[in-house]
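Engineer: Handing you a structure now.
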Amino acid sequence: MTFFDVLDILGTTAFAISGALSAMNRKLDLFGIFIIAFVTAIGGGTMRDVLVGNTPVSWMQNTTNIYLIGSITILSIMFRDKLDYLKKSLFLFDTIGLGIFTIIGVETGINAGLQPIISIALGAMTGCFGGVIRDILCNEIPVIFRKEIYATASIAGGICFMVLYSFMINPEYIYIITTLLIILIRLVVVRYKVSLPIFTLKKSR
Amino acid sequence: MTFFDVLDILGTTAFAISGALSAMNRKLDLFGIFIIAFVTAIGGGTMRDVLVGNTPVSWMQNTTNIYLIGSITILSIMFRDKLDYLKKSLFLFDTIGLGIFTIIGVETGINAGLQPIISIALGAMTGCFGGVIRDILCNEIPVIFRKEIYATASIAGGICFMVLYSFMINPEYIYIITTLLIILIRLVVVRYKVSLPIFTLKKSR
Amino acid sequence: MTFFDVLDILGTTAFAISGALSAMNRKLDLFGIFIIAFVTAIGGGTMRDVLVGNTPVSWMQNTTNIYLIGSITILSIMFRDKLDYLKKSLFLFDTIGLGIFTIIGVETGINAGLQPIISIALGAMTGCFGGVIRDILCNEIPVIFRKEIYATASIAGGICFMVLYSFMINPEYIYIITTLLIILIRLVVVRYKVSLPIFTLKKSR
């Protein structure tokens with residue numbers, strides 16, 4: 001098991017918890033919770049594999065993901081009262097998942113021989129898609145559409161990854177630094193209500 | 001024409017009717033009705049083919065599906081008053097489609113050499129996706145999100161399929177038994193308001 | 001650079017502007033505007049490539065698209081006051097994109113050896129998908145669901161393409177005539193409030 005596999009498991013776990021929380025919040029039944037947890041956790045990676053042409057997509061290649069997500073779902077249900085303060089827990093796990101899946105997406109792009117800027121775009125799509133699909137299925141406003149910086153944190157992380165990569169830094173450090181940067185950006189932004197410029201349109205009809 | 005092809009045609013027909021009904025309910029124009037009927041009927045199979053890497057996806061391989069869906073759409077429009085009681089008709093055809101497409105998905109997984117539990121997941125996604133995309137496009141709450149058991153019936157059917165398959169039962173029997181089981185579960189559940197446990201979160205913010 | 005590449009650039013530009021306008025209307029931040037512009041511009045083509053099995057999808061093959069969309073986004077932000085009258089600008093650019101991407105989709109289908117009617121369906125999906133995904137992400141009612149004829153214009157254009165193609169007319173003329181026809185249909189329809197028949201369901205419950 002490589003360091004990369006560990007990251008994959010952590011990201012899957014974080015997104016599965018965020019999916020299970022959303023589904024419980026929506027009062028879905030047992031299997032409904034599992035389905036949303038599953039789709040949230042594998043959504044980004046599936047999108048990535050389909051776009052690159054890596055099929056059957058990776059969650060089909062072995063049963064690790066499905067058993068992991070099943071266990072996480074059961075644990076999330078059992079300890080749902082510890083995951084209290086839904087909004088905060090959801091935010092935290094969603095952010096961890098975003099960070100990890102972004103770098104997995106960027107890495108996949110590099111390995112497929114794609115241009116750096118394309119790899120950054122692939123990373124952002126991989127990181128964001130799980131959360132977007134979770135929100136669409138749960139009838140929430142998609143995360144990338146909310147005021148908190150989301151895609152921006154992912155793209156900033158992708159750029160950081162590429163810069164470090166060009167300096168030939170040890171990949172494991174790159175993974176850790178980039179993931180932490182993405183998580184940090186999102187935490188700081190929400191905590192201090194930082195925001196990027198918004199461009200309003202003149203009143204029109 | 002194999003028994004499997006017959007099933008495929010029945011499932012496509014059922015989902016096309018459910019799509020046409022949804023679209024008429026939303027007052028879409030002629031082509032709009034056709035588009036929704038088409039997307040509902042081919043959605044699940046397209047998702048399945050894309051995930052497994054079977055491209056060009058199956059509805060592109062021949063014109064059977066497109067002419068079938070076109071005819072069904074016209075018939076649905078002509079006999080729309082017989083399909084009265086929209087909610088009941090929609091429910092019935094949607095359930096038949098769910099049952100049939102679930103087993104086609106499971107079978108595809110087995111043929112692609114995927115693990116049993118992965119095949120069950122593929123079956124559930126194949127069965128549910130057409131209805132979900134129909135509901136998203138028609139601005140309805142997606143079926144898997146409603147109170148009636150939906151994904152659960154599909155997963156239960158997939159498990160039943162695998163058990164019967166392991167006993168080497170004649171495939172045609174497996175198809176029929178599993179499909180009927182899925183339809184039965186959904187009918188019984190809605191009729192008697194059975195429900196799986198729901199896990200509520202503590203009031204939180 | 002072929003005539004086809006020019007069309008591709010025009011279509012991408014039109015959809016990128018329509019995406020940027022939608023995103024600014026929704027008050028997304030800088031990167032959010034870029035993401036929506038990007039997804040709108042590449043959505044249809046990505047769908048087309050995934051269905052046909054042409055992976056890695058075309059926007060990953062070179063950096064033209066990503067720099068083009070980036071520049072268009074910046075220009076859209078700078079000149080947002082010239083793009084005043086949001087609704088009209090959005091409508092215009094969305095319609096140009098619909099026309100161009102429809103014929104690119106039809107052409108792709110022909111080149112992949114698909115049946116004419118399948119190619120028309122592929123063209124309609126390619127043309128409509130970018131706008132649909134933009135609207136879903138921006139929480140608008142998807143374009144194909146609104147009263148203005150949308151998918152219908154795309155399908156009519158696809159049929160016209162096939163008729164001209166069967167007469168062996170010079171491809172460049174086919175592209176121009178079909179694209180203009182789609183744009184014209186949509187403009188006329190909205191201007192004169194033409195509509196296709198709508199089939200209402202009897203009041204039911």
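Using the three backbone atoms N, Cα and C, a Cβ is placed for every residue, glycine included.
What TrEMBL records for A:6-23, A:30-47, A:59-79, A:91-110, A:116-137, A:149-167, A:173-194 is transmembrane segment. What TrEMBL records for A:6-77, A:92-165 is domain 'Glycine transporter'.
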Engineer: May I ask for the residues of the chain that lie six or more residues beyond the transmembrane segment (A:173-194) and have a Cβ under 8 Å from a Cβ within it?
Structural biologist: 3-4, 7, 91, 95-96, 98-100, 102-103, 106-107, 127, 148-150, 152-154, 156-158, 160-161, 164-165
Engineer: How do the residues of the domain 'Glycine transporter' (A:6-77) split into helix, strand and coil according to DSSP?
Structural biologist: 60 helix, 1 strand, 11 coil
Engineer: Could you give me the DSSP helix, strand and coil counts for the domain 'Glycine transporter' (A:92-165)?
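Structural biologist: Per DSSP, the residues of the domain 'Glycine transporter' (A:92-165) fall into 60 helix, 0 strand, 14 coil.
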